[in-house]
Amino acid sequence: MSELLIQGPNKLQGEIHIHGAKNSTLPLMAASLLCGGQCILHNCPILSDVDTSLKILRYLGCRVERSGSDVAIDPTSANEYEIPDLLMREMRSSIIFLGAIVSSMGRAELSFPGGCELGPRPIDLHLLALRKMGVVIEEDHGCLKCSAPNGIQGACINLSFPSVGATENIIIAASRAKGTTVITNAAREPEIWDLADFLNSCGAKIQGAGESTVVIEGVKSLTGCEHSVIPDRIAAATYLTAAAITGSTLTVASVIPEHIAPVIPVFEECGCQIDVLDHNIKITAPKRLGRIKSVRTMPYPGFPTDAQAPVMAMTTLADGTSIFVENIFESRYKHVGELMRLGATIKVEGRVAIVEGVSRLSGAPVEAADLRGGAALVVAGLAAQGTTLISGLKHLDRGYESIEKSLALLGADIKRI
Ligand SMILES: CC(=O)N[C@H]1[C@@H](OP(=O)(O)OP(=O)(O)OC[C@H]2O[C@@H](n3ccc(=O)[nH]c3=O)[C@H](O)[C@@H]2O)O[C@H](CO)[C@@H](O)[C@@H]1O
Ligand SMILES: C=C(OP(=O)(O)O)C(=O)O
């Protein structure tokens, strides 16, 4: 298995172009199953999760081609309604295929999804909503056998929590349902808006995506379309933390600054200057970062849980105490022990992590246990004195396109060995 070797510390400089969002690309690929013609997705990141989605689509009988960041999906030959367990376990987003397969094939058989282990990640809200929409779901030995004997029906669904995945599954299933679906307490993440934008370009009638109430008027059929995936706001936030911890000046380019707005205040609070110009964000970091009083993860437009780990890595070298409260996932502090191997001082009590900034980190062998935890180790490794060796790269490769090449181009001493 390969590892990342970082010799630190090194300043970064220049400009990094942010790739398309993983968390948008995956639901868009699932949604393309509903279309009556070819869909072309531009700005798809080159990530293992995207490869997994391509494998699922091929398994389902779609014709799929990839050329760099363009993916062409022709779902008209799809004829399969099962997803093998191995593919389901590869990533969380495999569950988003549920609504799409039942809608297009009338039934679906799949198992529980994988993805980052962040504590329990139930799918009860997905299943409750689909059942309300007329999908019959039998749970049998870890397998979900689903059918829609009378087709999918529009319904009023109030989510008890604004789950991103459940909102996506419902929007997809509702797009070609009979009647109108109203989701209240829907997730408002930019990726939901991107999904609705894509489906509307294919002829769907979705209103309110990005707000708490989404109304989907089912249509009989959808066409194909060409769509460009939104930039990855979490990758952008991660590169901003890398610049901040190394005291660098860096431009994070090709982003939608509004999507990154929930994380900008933490950079300003710790003394970085942030300049936004069109689709670029320039960060100028001070020599020593100040502490962040508190970071509380919340559904969008709150502070994103996916940025918690890299931002925590950044505060390990800040002057003072920073407090983190993880409100979305029960167990999203697996990076803490590994950051401590690099010399960080962090205490975890339940959902709270208290970071006492230290004056230096020192390189060490560490292991990524999940995607953003892995990114946190890269961020810390860039600023640590000496050699940091990061294993567990399969997690990082799910979410960051060629992270070592991107950082090396900015001046970091980092390579995959
Ligand atoms: C592929 C993708 O887009 N992944 C993102 C998506 O994950 P994902 O869609 O899995 O996250 P959700 O918004 O669904 O989960 C948020 C919370 O709701 C709970 N929950 C969710 C569904 C359910 O049926 N029952 C339930 O209890 C989860 O356990 C968690 O505590 O949103 C998360 C929250 O922003 C991000 O961290 C992930 O990067
Ligand atoms: C948790 C994440 O991904 P997933 O939901 O795919 O596991 C993430 O992108 O940080």
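Using N, Cα and C of the backbone, Cβ positions are placed for all residues, glycine too.
According to TrEMBL, the feature domain 'Enolpyruvate transferase' maps to 6-407.
What TrEMBL records for K22, N23 is phosphoenolpyruvate binding site. In the three-state DSSP scheme, N23 (phosphoenolpyruvate binding site) is classed as helix. Listed in sequence order, S93, V164, E189, E191, D232, I234 are the same-chain residues at least 6 apart in sequence whose CB falls under 8 Å from the CB of N23 (phosphoenolpyruvate binding site).
In the three-state DSSP scheme, D306 (UDP-N-acetyl-alpha-D-glucosamine binding site) falls into the helix class. Around D306 (UDP-N-acetyl-alpha-D-glucosamine binding site), the same-chain residues at least 6 positions away in sequence with a Cβ under 8 Å from its Cβ are I234, A237, R372. TrEMBL lists R92, R121, P122, I123, D124, L125, D306, I328 with the feature UDP-N-acetyl-alpha-D-glucosamine binding site.
The Cβ of C116 (active site, proton donor) has 21 other Cβ atoms within 10 Å, all protein chains considered. The active site, proton donor feature in TrEMBL is assigned to C116.
Among the features that TrEMBL reports, 2-(S-cysteinyl)pyruvic acid O-phosphothioketal is placed at C116. C116 (active site, proton donor) carries neither a helix nor a strand DSSP state and counts as coil.
Nearest by CA distance to K22 (phosphoenolpyruvate binding site), out of the recorded positions C116, P122, I123, is C116. C116 (active site, proton donor) has R92 as its nearest neighbour among the binding-site residues R92, I123, D124, L125, I328, going by CA to CA distance. Selection of the recorded positions C116, I123, D306 by a Cβ distance under 6 Å from ligand 2 yields, in sequence order, C116, D306. In sequence order, R92, P113, G115, F329 are the residues near R121 (UDP-N-acetyl-alpha-D-glucosamine binding site), counting only same-chain partners six or more apart with C-beta under 8 A.
Fewest other C-beta atoms within 10 angstroms, among the binding-site residues K22, R92, are seen around R92.
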